[in-house]
Amino acid sequence: MFHAKKPSTMNSHDRPMCVQGDSGLVLTTDPKPRLRWTVELHERFVDAVTQLGGPDKATPKTIMRVMGVKGLTLYHLKSHLQKFRLGKQPHKEFNDHSVKDSDRATSLELQRNSASSSGMIGRNMNEMQMEVQRRLHEQLEVQRHLQLRIEAQGKYMQTILEKACQTLGGEENMALPTRTFKGIGNHQGGLIPDISAAFKEFGTPPLTFSSFQDLNICGEHIDLHAQSSMGERSSSFDGFMNLSNTTTDHNLSLGKKRSSPYNTSNGKSPFMWSDDFRLHELGGGGSCLGSNNEDDHQIIQMERSCNPEIDSVSDIYESKPLLQDEKKFDAKLERPSPRRAAQVSSLSAQGGRNSVFG
Amino acid sequence: MAMMVDETISDFDCYASLSTPTTTITTTTTSSSSEDDHGCTWNDWSPVFDWDAFSGGDNFQDLIESMIQGSGNCFHNSEEDSAEIMEEEEEESGDSNNNQSEDINGLKLVHLLMAAAEALTGVNKSRELARVILVRLKELASPNGATNMERLAAHFTDALQALLEGAASGTLHAKHMFSPNYKDEHHQGDVLAAFQLLQDMSPFVKFGHFTANQAILESVTHDRRVHIVDYDIMEGIQWASLMQALVSRKDGPPTPHLRITALSRSGSGRRSFGTVQETGRRLTAFAASIGQPFSFHHCRLDSDEIFKPTNLKLVRGEALIINCMLHLPHFSYRASDSVASFLSGSKTLNPRLVTLVEEELRPIGDEEGFVGRFMDTLHHYSALYDSLEAGFPLQSRARALVERVFLGPRITGSLARIYRARGEEERCSWGEWLSGVGFCESNISFANHCQAKLLLGLFNDGYRVEEIGTNKLVLGWKSRRLLSASIWTTMDIDL
């Protein structure tokens, strides 16, 4: 595409204002003679650059030497090389969006037919437009990639926590952040209240997308309504949320399917960042979690038993009393946020400890 | 030389008399903070009092004088070892609102801290006085206190205490002071929980990792083999997102083979997330799960932690990247000799790229000495605490956990370093060091900057990212720069 783009600006055969110098270079006749990068010149340039190993390896000096064109200065080459390098980048990003050849041809025509003096201005405008378009496109790409990367980190973090849970879990019922709040009833040590206290008020922030993936009640996904008011973290986060809802096929492919209860009945891996998280199930889930499995399984109860939506993210962090009164509760059990609570303590309890970790 | 410590009750009217419209010290500021003055906008921090008069270098006598100014009580301050510590009381209780008394209390703590620092190292050094002040501070501030300032003061008090004892017993150079093994002291579960919280609550970790990763990605677009040498891999979480990005890149050759060599230190004891080998296993498993060709190597440093390039295994045709994460909040300080050896050793290997993440400290003039740097460190961590609080104002227990597990030991280490370095030439940042050694700056791309901005947008809007020079992004909180990520290369782009 770079090649396709450049010829429109390097077309010289129709421009009366250019003169052909003795050296074979085409210079313009404006007060300040500027070098015109003709197609042939550019071809030689590209040849030289590829000879030298690509635009990143080539330097203006070496290009000059290889090209061996008289009158070509380092200055010319520096700026042309820079443009070439920049041009290569969006070239790759625009792959999917590249203008069709026919369209390209028409735009060339237009360029050619425009008045010569405005042609230069036109070219600059065109470049500017391209620049803006490129930037916007890049920004979208960045946003998408960022989300994926955060997810990847979260996934990795979980492997750490899983491992730790296995090694540290043992006989102690460790309360660890993401997966479950294991029963604390048996613990003697002093550390648990600390962490649990920390998490009781904390909950899952909306920022680690991966944590969302864990939320799973009775085999259901959890829904995050993008419309929820986010407080100050509004715009870009909403953007992300919407983005996530539309780019749900970014399923990080896991080598092995984890047989944990986090896989839902429809077989989607927990990393599907998708619309079908349903929170309202939590209501039912809460009650199914709660009443039957009190002391034995030490389930952490859900606060919002019947609230179908997470009204606002900020609600999560409110230190409201987190438990419904009707749920009996082991005194030692610390109360996590609804998000944490929504994690499959009950399932894990039912399935035995090992199943939680696949 | 018996110490007389009389607890006298005095009114701290002096503060009220100097007051300007108050805002709380430790939470979000109202006044406009000039963006340029990244270091010492004390008024943001504590508008009740004029900080400029107190930034280091003051005569200790004057300090004590001013502290009792207007109190009208007897206060002995003498060169001999008798001193009295002033007692503050609930004089505010009746009339002032909570904010103001919080301010006052915070101020008292700061003053006491400064006095202690001064007593430890100032012109009129007095260990006894320092000890007394620290006792008082311990009474006032607790690590589980209600306000940021209180908890911060508690940690600083502990750090100063450690300095005091270390100086007394001559064990100041013990390794544990510089890289405290909080991982040993704290239960592993604590550390894990705190790490998870830290990642969720603040952008520091992600900022450092993602900025470095983006730079790496951009520099290896055409390569088939990538080799990364990681100075301090910790639990390896940085590489998870890099692998994901490599696997899903569309241009250039398909997923390149990634090789990571992690440096490990022998003496620092067992780390919280396991050893370097465990990290390697974890990364290998993760790579396998996403289809990234991967191999992991392990380069042991000797007990002196000096890096020798010859210990590395290099392969022809691979793109060599040097990754140096220092000073992320959950990292411990590494000895500067070690870091220096690593960076200068890597220069000989001619890497494609060097990514450096370090904390951003305000350059301090020599005349301010220990106290100046102490106050600057106080400001730095205060901003850090504030940033955590602003995002999560209600989760004080969670924050207290993070502070206790990570930041507290960091404070101790930080103070130990500046104490050790007092009187010496002020150390420049590692970035400056790199350019001095001969590395060239490498541009931060638009995409990278954009990514950082987007990332911060997910967190509280008090965070901001600046681009400094062409190769550095700095993450800051309000007016205080906290963490910088810079990229360097050995090639010169032009000629």
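Just so you know, glycine gets a Cβ as well, placed from its N, Cα and C.
Just so you know, TrEMBL annotations never went through curation; they're auto-generated.
Here TrEMBL flags B:75-101 as region 'Disordered'.
Under the heading compositional bias 'Acidic residues', TrEMBL lists B:80-94.
Feature annotation from TrEMBL assigns motif 'VHIID' to B:226-230. Only residues 6 or more beyond the boundaries of the motif 'VHIID' (B:226-230), in the same chain, are considered here, and those with a CB under 8 A from a CB of the stretch are 216, 220, 238-239, 246, 256-263, 299, 312, 314-315, 318-323, 325, 346, 351.
As annotated by TrEMBL, region 'Leucine repeat II (LRII)' applies to B:278-310. Confidence in the region 'Leucine repeat II (LRII)' (B:278-310), given as mean pLDDT, stands at 87.
Summarising the annotation, TrEMBL assigns region 'SAW' to B:416-489.
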Statement: Grouping DSSP H, G, I as helix and E, B as strand, the residues of the region 'Leucine repeat II (LRII)' (B:278-310) number 15 helix, 8 strand, 10 coil
Long-range Cβ neighbours of the region 'Leucine repeat II (LRII)' (B:278-310) (under 8 Å; 6 or more residues past either end): 229, 233-236, 239-240, 243-244, 246-247, 255-267, 334-335, 337-338, 341-342, 345-346, 348-349
Message: I'd like the per-state residue tally for the motif 'VHIID' (B:226-230) from DSSP, helix first, then strand, then coil.
response: 0 helix, 5 strand, 0 coil
